[in-house]
Amino acid sequence: MAAPWEDVLRDIPAIQEAAVVAVDAALLQGVLMRTEGQPNASDVVNFAPFTLLPSAVPSALFEQAYAVQQDFNMLVDAISQNKEFLEHTLASTIKVDNFTARLFRIYTQVLEEGLAQSVFLGINRSDYMFDSGVDGTPALKQIEINTIAASFGGLTSRTAAVHGQVLKVLGKPQEASRLLPNNPSRGLALGIAKAWELYGSPGAVVMFLVEEVQRNIFDQRCVENELWNRNIRVIRKRFRDVFEKGSLDEARRLYMDGQEVAVVYYREGYVPSNYDEQKWEARLLLERSRAVKCPDIATQLAGTKKVQQELSCPGTLERLLPGHAEAVTRIRATFAGLYSLDMGAEGDKVAAMAIADPDHFVLKPQREGGGNNLYGDELRQVLEKVRDSPERTSYILMDKIKPRPAMNYLLRAHSPLQVSECISELGIFGVYVRRGSELVLNEAVGHLLRTKAVEHADGGVAAGVAVLDTPYLV
Ligand code: ADP
Ligand code: MG
């Protein structure tokens, strides 16, 4: 994709002037993060990193990503209710991956006891890159779908205003007026509010389950404020608080400090470092409760990379979504090549293929949050080490997506202004609510564009690699 800003990119005085305006606009709009030094106080804050200029996104692919989101919502919801599928798909993984095994244990435990929860809320974000095919025509390819703690729906609702002002400063008011409004946090809050309402206890609260280190609090506050605006009370607690003060009554209603909790919205709990024995106990308590968990543990498992790989096998989507042939076609069109490393001849072949040509693949463990995947030489070394042991089944292999880079400036606090070759990743936020077997809400509620310099193979905004961006449709 040709950058639409070629004419101004090298005009250094104009860029410098625009960058100063951009940073102040970001602060004014609330594109904020707490600092690394003081992650749990708001006395001093930074702007969250963002691109100086919006990045070009092909409008057809943008529309395609929106159009498939309700299908993905339906798919995730279907997987979360399919015990046989989850059991079968994760069988090899949980033998070697302790974290997934631990989640799976809670999953089976709550099923054996019988679910107290009857209202279900899913908030997910499906992420894509634009693969430049052999003839250079870009195609929408899914990187992954996040079913827990999908972030930046708040901050991203404020970047379009910043980029609009930058374009005006650069003499491009027409282009500024073409930037799309976008407010995922309102849509996420709509889903939470619906689940809260269906839970049916007007005095109950929504609990945001948050990390010990809370640098990204402003992103969460955007969603919180939308709930307060609807007169829904929000509390923020950590696993530690739940361990110390959480309890269930005889109907398994969840209480925190004597307050009934209708909805638990996890912005925590997706990586092993989020847990110790007490926190696992807290997680189990929450999962056993009647409260609406976003996500419940089954839906978290539906978002594992192993499940993603299994979905790409012939016939799987058809089995999971019977009677939805068109949805299946739309979903499948976004899949890149995904390969199982399960033990056996097929897995042996896949391992050999990746070792012979590591630059064409990404090796992914069952982890979230960026910085865990392996590429190139490192991929080869790790795979050579584990190729003959069951340990290899803790990974999946994926074709590497190769988007065409474009030039942009990445603005970060305390960093010099310099032009970089960049690639972008588009995320679409989806929200759904189910009561019993009835899907009462299923929507795509907004987007997130993240951009990073090409030299970084991996990583998101929280990992310090990617920055917030706004799509400019071309
Ligand atoms: P995580 O759960 O850690 O976010 P992802 O699957 O999203 O895992 O991978 C992290 C990052 O690695 C992505 O944001 C993207 O930049 C890069 N990445 C992942 N898969 C691919 C792929 N198949 N091709 C190219 N880059 C990828
Ligand atoms: Mg990701």
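The backbone N, Cα and C atoms fix where each Cβ goes, and this holds for glycine too.
The annotation substrate binding site is assigned in TrEMBL to Arg125, 148-151, 214-216, Gln220, 267-270, Arg450, 461-462. Reduced to three states, the DSSP call for Arg215 (substrate binding site) is coil. Its Cβ taken as reference, Arg215 (substrate binding site) is surrounded by 18 other Cβ atoms within 10 Å in the chains shown.
For Tyr375 (ATP binding site), the same-chain residues that are 6 or more apart in sequence and have a Cβ closer than 8 Å to its Cβ are Pro358, Asp359, Val362, Leu363, Lys400, Ala457, Asp458. Look at TrEMBL and you will find Glu144, Lys305, 364-373, Tyr375, 398-401, Glu425, Lys452, Asp458 tagged as ATP binding site.
Annotation comment: TrEMBL describes Glu144, Asn146, Glu368 as Mg(2+) binding site. There are 18 other Cβ atoms within 10 Å of the Cβ belonging to Glu368 (ATP binding site). Reduced to three states, the DSSP call for Glu368 (ATP binding site) is coil.
Annotation source TrEMBL lists domain 'Glutathione synthase substrate-binding' at 204-302. With helix defined as DSSP H, G or I and strand as E or B, the domain 'Glutathione synthase substrate-binding' (204-302) counts 41 helix, 26 strand, 32 coil.
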Under DSSP, is Lys400 (ATP binding site) helix, strand or coil?
coil
Average model confidence [pLDDT] within the domain 'Glutathione synthase substrate-binding' (204-302):
98
Tell me which binding-site residues (Arg215, Tyr375, Val461) have a Cβ under 6 A from ligand 1; sequence order is fine.
none
Is any of Arg125, Glu144, Ala149, Ser151, Pro365, Glu368 (binding-site residues) within Cβ reach of ligand 2, i.e. under 6 A, and which?
Glu144
Excluding Glu144, Asn146, Glu368 themselves, which residues in that chain have a Cβ inside 8 Å of the centre of the Cβ atoms defining the Mg(2+) site?
Arg125, Asp127, Ile145, Thr147, Ile148, Ala150, Tyr270, Gly303, Lys305, Gly369
